[in-house]
Ligand SMILES: NC(=O)C1=CN([C@@H]2O[C@H](COP(=O)(O)OP(=O)(O)OC[C@H]3O[C@@H](n4cnc5c(N)ncnc54)[C@H](OP(=O)(O)O)[C@@H]3O)[C@@H](O)[C@H]2O)C=CC1
Ligand SMILES: CC(=O)C(=O)O
Ligand SMILES: [Mg+2]
């Protein structure tokens, strides 16, 4: 199993850069003109004000209320870290807000309340009702959380949901249904031990009992050991409800012969001996965060037959409420629900359990870089499963409608499902897929520019993210100093630093290069200078000889120059059919553009080759290619000599009988806008183009940079294709993340 290794420095840097924190608020309306100002603010705003005053339900139409959730904490139970206060809880709450957005397009804002007094929290939150479509309580400790949630539910007319209680319970129930199916046991016969009698623990046991677990078969423990009938120390009414009739007094006693262990307590609470004493095919959900009660490695070392889950993303079977709260709220918000009730939670649990049993589509397997099929290492869907957004919310919404909490029922559930499918930004999952496949490939990546701090940080991140081995070309002393300056002292020991002076292969490289270049005016001296002193050439030679699986360079020099150096070692010219493809990611859309790197003025045959290369890149990214040859004319009008080759290129593809959609020539709006395309009913594209082949490199460069500077598009590439080995050339203004992404692209051989 590959484990992600995350260092404290990386975690801090992630939160510090590019701006402090993890989200910002973006306007959805333009505020550009005097007229905009008049509409958005005074006097225009008075009109929706009056409408809402007259009919309060229209707040869902004229404001963000209907898609806005508050993530509220006082920091008394931050993950499993305990009571560290409201301010310290902010990174977790900002994180939950981002998860809401990323996974279910719910706008969420974190609110940290600096009090431990339940009455103050109740008062503060109850007054926020008008602002939000729902309230997500987070990391508020038991037993106060029970009182707070109950009272707020009674007072407010929007869903109030304590994620640590019900989110956790729902996911735990879903995972357990499937784990028991695999271990061939029935919930009503199982002996269940639950450690941690707080927010998560009480809610988990309550839900499992509602789903068939027998009270007499369940033992709950806390820091004082077993909660047994008659115990007085450290008790409260919620624990008392689950007090067991048993002689067991310690967790160790309770675990003997148990079928199921559920941990929502703290790191290391379970020992290997306890696991060893459990019944056959034991189920162990060690859900404490960030560190589980026992690690899967430790549990499997003593019980190979155990089915193990944790709350973390770096092990299989992540039982974490991230699988629940985004989708529960999505479904609830879409029916303008008054509450999230038990039926909606159970519908969510059942839908999640059912989804894990379904055949996993290729796109999900591709995103994870491994085949996932229902079994011991896959009992619950993975958080990045793109089906969650359109499978779970409809189940929740339907249960809400059936039980009468919907203010605005959904008439057409099928249409709702379709709208959910197109709601999510596909671009995030594309990068996630690339990284997952890179992790699978475990490529030895050559980072040619070891003298650049960004490259060094990307190399460290590549290795620590478990993507493979990073080989850094540079001088040891220099690399050490630069890593020290970046606060990455330990990384020197982890990276392999390579250079001409410490390579055993320099003579072989020089012979190879001499053979290639001797008839192009290079003598032995020139060859030595190139091979020993130029890191781009040296790195390319390493790659050519299989002393690395991929190469990333270009962060310190202009790409054309880097490409000319690489051409000494590889055939990567226009004549060789090399092509640069750039991916533009913007507003949920991804468009590939070519050629952005190699071909200056491609002829129709070259344009066809660019289309073929771009289509392969698109498929590598999980997109079905639709190519448009773009120009300033559409299907022959206006007539122009400059547009002729764009008109001819599709005919070349006709002759090649390629297996993807293409059309041209056309203007960019016809290519990308379905309404404009509809004006040409004979157009063979089945939807907006996702690949634009442009007439020349200057138009490609202008378009990409315009999108980047004016629209703030994310740019990946140019991705170099059509070369024998994976080489990716970054741009000189690449960030650490850009370089890391290029390394991941090289690792999974996209291009
Ligand atoms: N995977 C997931 O999705 C989720 C995981 N969790 C995890 O569950 C844990 C508890 O969270 P939450 O319920 O919100 O917190 P609470 O503060 O509400 O409850 C903590 C409970 O754990 C008990 N406890 C703490 N340490 C131990 C120990 N070493 N042995 C036995 N019991 C212990 C406490 O006992 P006592 O009553 O005696 O003080 C208390 O009952 C955290 O680690 C959290 O990260 C929570 C939510 C979701
Ligand atoms: C996952 C979560 O909410 C917790 O550990 O508290
Ligand atoms: Mg929590």
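Backbone N, Cα and C define each Cβ position, glycine as well.
No curator has checked TrEMBL annotations; they are predicted automatically.
Its Cβ taken as reference, residue 96 (active site, proton acceptor) is surrounded by 25 other Cβ atoms within 10 Å in the chains shown. Sequence annotations record features per position, and here TrEMBL assigns active site, proton acceptor to 96.
The annotation NADP(+) binding site is assigned in TrEMBL to 78, 79, 80, 81, 82, 83, 84, 85. The Cβ of residue 78 (NADP(+) binding site) has 84, 88, 89, 92, 139 as same-chain neighbours under 8 Å, each 6 or more residues away in sequence.
In the three-state DSSP scheme, residue 139 (divalent metal cation binding site) falls into the coil class. Residues or ranges marked as divalent metal cation binding site by TrEMBL: 138, 139, 164, 289.
Marked as domain 'Malic enzyme N-terminal' by TrEMBL: 20-153.
Among the features that TrEMBL reports, domain 'Malic enzyme NAD-binding' is placed at 165-401.
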Between residue 83 (NADP(+) binding site) and residue 138 (divalent metal cation binding site), how far is it from one CA atom to the other, in Å?
13
Cβ under 6 Å from ligand 1: which of the binding-site residues 79, 82, 83, 138, 164 qualify?
79, 164
If one measures from the C-alpha of residue 289 (divalent metal cation binding site) to the C-alpha of residue 80 (NADP(+) binding site), what distance in angstrom results, rounded to a whole number?
5
Of the residues in the domain 'Malic enzyme N-terminal' (20-153), how many are helix, strand and coil by DSSP?
67 helix, 18 strand, 49 coil
From 96, 138, 164, the recorded positions whose CA lies within 10 Å of that of residue 79 (NADP(+) binding site):
138, 164
Quick one: give me the count of other CB atoms within 10 A of the CB of residue 164 (divalent metal cation binding site).
25
Determine, for the divalent metal cation site, the additional residues of the same chain whose CB lies within 8 Å of the mean position of the CB atoms of 138, 139, 164, 289; present them in sequence order.
73, 77, 78, 79, 92, 163, 199, 200, 321
